[in-house]
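Engineer: Input: one structure, supplied below.
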Amino acid sequence: AAPLAAKPSAYKVADKLTPQKDVTTYNNFYEFGTDKSDPAANSGKFKPRPWTIEVGGLVAKPQTIDIETILSSFPMEERVYRMRCVEAWSMVIPWIGFPLSALLDKVEPLGNAKYVAFQTVVRPEEMPGQSGFFQPINWPYLDGLRMDEARHPLTILATGLYGETLPNQNGAPIRLVVPWKYGFKGIKSIVKITLTEKQPPCTWNILAPNEYGFYANVNPKVDHPRWSQATERRIGEGSGLFGGKRIDTLPFNGYADEVASLYSGMDLTKYY
Amino acid sequence: MAAYAPPARYREPSIWALYILGLLPGIYAFYLGLTDQLGADPVRTFEHSLGIWALRFLCLGLLITPLRDLARLNLIAYRRALGLLAFYYVLAHFTIYLTLDRGMILASIASDIFKRPYIMLGMLGLLLLIPLALTSNRWSMRKLGPRWITLHKAVYIILPAGLLHFVLSRKSFTLEPAFYTGIVILLLGYRMIRPALMRRKADKRKFVQPQQSH
């Protein structure tokens, strides 16, 4: 990871930051293995440069954009967000990135574009989790957002964290961050963004539709069928085995004031 | 052709060695936890490592019989130690769940136990292990006679319960749960074919022995 400049932003939670070491060694990124220490251990061969993202679908100006162009044409901001994993742990991460809406503006979405679909790179030769005889997921990893979610000012494409470009294990060179949703919605190492009229397929939703919904909004009242979502363990609190304690999970991960209106009138136990 | 068993004079010390060796992974993980070397989520890592060792010792305990049948290796002297090690690990796993993981918040623990199938399965395994641990001594074996064997068949419920507890606690069915599922299927599947296998073996012996005598 190289230094990456960013201007401060108003989107900054007051919680204590999760240590950089924990943010970069405790990851779910099945492309590099299913254990949380696998991504840091197995992503050394991954090459995040050169890199392009193909942006297309229902847009007036489809284009393939180089990562260097992205870094130079969009002003980078530092945003301190909470990140809540569906597995009931959480972190506080100083991301560097820019609003997804800025990129969408550039390609000029058509009137019938209702959703945004994302796709992760497939490189079995660089991503050991994508080869081998037991594959937990059908690659590529897919995810998507509704257009109003994608255009929400909190939704960013992140290119760095802790003042540096993204480490491979965190989704280099560019990933999605949607702080009010469970972490798995934050699709990593994006190569393709497609605007669609229909709700796009999402990897975890395909894998277990009764457990992982399209929306995946953090919700302490809607439990995962197999475990509670009422509390979470904040990573990096305390030292060693003692001192870390569970905290209550907040509706929309604490971003209810900003985003609850997106879902007014929707039954959140049905659209989980 | 009797199965090979380790010489009697090594039996006692090797059983003690097994206890010490068996407890080492737990002690080592605890040491790593105390010195902040268990990664970003030390409580979870410690809790899971205790659980997985319990499952491993349960599997090893159920490996004794097929080893004797198929590999002619008689390690029955070590089965009690393997079972008790599994019990100690389950107990430690449950203690960490109550204290460091759930922080002794009893209301949330109770709702967890009665609402979550995977936790109920874990509890079932723990509760069934208690009578087995309590009757693992020679006195109980003598006292219970044939009923001791029936009682200890509870392990055929405990092992699948423990396995399911592990599998259902994971976000998805990955290589590690698949590996243990395979092992458990082999161990339990062997029990299903064992009666037929033993019958065939006995028949063969009856048939073969008279031929060998002339």
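First residue shown is number 1, and so on along the chain.
Using N, Cα and C of the backbone, Cβ positions are placed for all residues, glycine too.
TrEMBL entries are annotated by machine, without manual review.
Marked as domain 'Ferric oxidoreductase' by TrEMBL: B:50-160. Taken from TrEMBL, the feature transmembrane segment applies to B:16-34, B:46-65, B:77-98, B:118-136, B:148-167, B:179-197.
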Engineer: Against the transmembrane segment (B:46-65), which of these stretches has the most C-beta pairs under 8 Å: B:16-34, B:77-98, B:118-136, B:179-197?
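Structural biologist: Top-ranked stretch among B:16-34, B:77-98, B:118-136, B:179-197: B:77-98.
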Engineer: Hey, which of B:77-98, B:118-136, B:179-197 has the most Cβ-Cβ pairs under 8 Å against the transmembrane segment (B:16-34)?
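Structural biologist: That would be B:77-98.
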Engineer: Please list the DSSP helix, strand and coil residue counts for the domain 'Ferric oxidoreductase' (B:50-160).
Structural biologist: 95 helix, 1 strand, 15 coil
Engineer: Below 8 angstroms Cβ to Cβ, which residues of this chain, lying six or more residues outside the transmembrane segment (B:179-197), approach it?
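Structural biologist: Result: 55, 59, 62-63, 65-66, 69, 156, 159-160, 163, 166-167.
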Engineer: Can you check how the pLDDT averages out over the domain 'Ferric oxidoreductase' (B:50-160)?
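Structural biologist: Mean model confidence (pLDDT) across the domain 'Ferric oxidoreductase' (B:50-160) is 94.
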